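Asker: Input: one structure, supplied below.
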Amino acid sequence: MSSCNFTHATFLLIGIPGLEEAHFWFGFPLLSMYAVALFGNCIVVFIVRTERSLHAPMYLFLCMLAAIDLALSTSTMPKILALFWFDSREITFDACLAQMFFIHTLSAIESTILLAMAFDRYVAICHPLRHAAVLNNTVTVQIGMVALVRGSLFFFPLPLLIKRLAFCHSNVLSHSYCVHQDVMKLAYTDTLPNVVYGLTAILLVMGVDVMFISLSYFLIIRTVLQLPSKSERAKAFGTCVSHISVVLAFYVPLIGLSVVHRFGNSLDPIVHVLMGDVYLLLPPVINPIIYGAKTKQIRTRVLAMFKISCDKDIEAGGNT
């Protein structure tokens with residue numbers, strides 16, 4: 001390994017290249033989205049935990065999804081806001097590796113949970129009489145543990161692969177946070193093992209999940225089209241709309257970001273960074289909105305909470 005290795009030094013985050021002077025203003029919409037993500041996902045976790053009628057597999061998966069979104073957005077947004085508002089550009093090597101690990105691992109866990117939710121829809125629609133036996137709450141928790149272990153095992157090697165590299169030419173990351181592809185590009189030594197393993201891990205996790213989610217919905221559509229009445233078909237499809245929306249919100253930006261990272265060298269770096277920032281916030285922001293709008297129990301509890309809060313404010317105002 002080259003003697004110019006500075007693995008125990010710091011990296012410098014650029015943020016949005018070429019738009020450094022506008023960082024202060026970019027921080028406000030990002031903070032707003034982060035606040036919505038925190039509020040929405042905390043509400044989902046609270047309602048699912050406290051509402052006994054929601055202690056069913058699909059909603060337990062939704063609770064897991066909300067917890068993952070909270071962790072994923074919190075792993076990056078505080079540092080991004082510190083960078084944009086206080087010019088806090090430095091991030092230590094170990095902190096960068098930790099952030100990289102959490103981003104990739106949590107994304108893999110979320111992908112697995114989305115696959116589990118697709119399986120839940122498949123069993124509920126294609127084998128409704130077996131749903132309670134196949135997917136009970138114990139099995140749901142076990143699937144959550146498998147998702148955690150699977151994501152951790154596949155992406156734990158990434159920081160180790162980065163640690164073996166030597167960095168000489170630059171410690172400047174043209175991004176707002178640390179991801180494997182960008183840190184790897186700064187290395188002075190051969191990065192082929194990193195490239196091969198990174199691509200393999202993504203294909204074995206995200207690729208496999210997308211394939212089985214697609215298969216699940218192929219079987220669901222085939223079953224639904226065989227239902228005798230139009231109302232039955234509409235009702236069956238209606239139970240899948242929320243999950244399909246969440247899947248698209250997660251995978252479409254992820255696939256677009258992966259394509260840009262690997263084949264978009266001619267694109268302006270601004271595009272890379274903005275897509276990366278939006279990708280980390282889009283699912284956490286819209287997931288609770290989608291499920292809150294489509295799930296009567298969640299919608300009713302949220303409205304009831306606001307009503308109670310407003311009534312207390314009115315009473316307090318009347319007593320003064």
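Yeah, the Cβs are placed from backbone N, Cα and C, and that goes for glycine too.
What Swiss-Prot lists as topological domain 'Extracellular' is 1-27, 75-98, 163-200, 261-269, and the listing cites sequence analysis. As annotated by Swiss-Prot, N-linked glycosylation site applies to N5. The transmembrane segment annotation in Swiss-Prot covers 28-48, 54-74, 99-119, 142-162, 201-221, 240-260, 270-290 and is backed by sequence analysis. Residues or ranges marked as topological domain 'Cytoplasmic' by Swiss-Prot on the basis of sequence analysis: 49-53, 120-141, 222-239, 291-320. Residues or ranges marked as disulfide bond in Swiss-Prot (evidence: sequence analysis): C96-C178.
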Asker: Residues of the same chain, at least six outside the transmembrane segment (240-260), with any C-beta under 8 angstroms of its C-beta?
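Answerer: Sequence-remote neighbours of the transmembrane segment (240-260) are 65, 107, 110-111, 114, 117-118, 121, 125, 202, 206, 210, 213, 217, 220, 267, 271-272, 275-276, 278-279, 282-283, 286-287, 290-291, 294-295.
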Asker: Is the transmembrane segment (201-221) close to the transmembrane segment (28-48), in the sense of at least 3 CB pairs under 8 angstroms with a sequence gap of 6 or more?
Answerer: no
Asker: So what's near the topological domain 'Cytoplasmic' (49-53) in sequence-distant terms, Cβ-Cβ under 8 Å and 6+ beyond its ends?
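Answerer: Result: 63, 297-298, 301.
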Asker: Per DSSP, to which secondary structure element type does C96 (disulfide bond) belong, with helix, strand and coil as the options?
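Answerer: C96 (disulfide bond) sits in a helix per DSSP.
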Asker: Run through the Cβ atoms and count how many others sit within 10 Å of the one on C178 (disulfide bond).
Answerer: 24
Asker: Along the topological domain 'Cytoplasmic' (49-53), what average pLDDT does this model show?
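Answerer: Its mean pLDDT is 85.
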Asker: Note down the number of other Cβ atoms within 10 Å of the Cβ of C96 (disulfide bond), including every protein chain shown.
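Answerer: C96 (disulfide bond) is surrounded by 23 other Cβ atoms within 10 Å.
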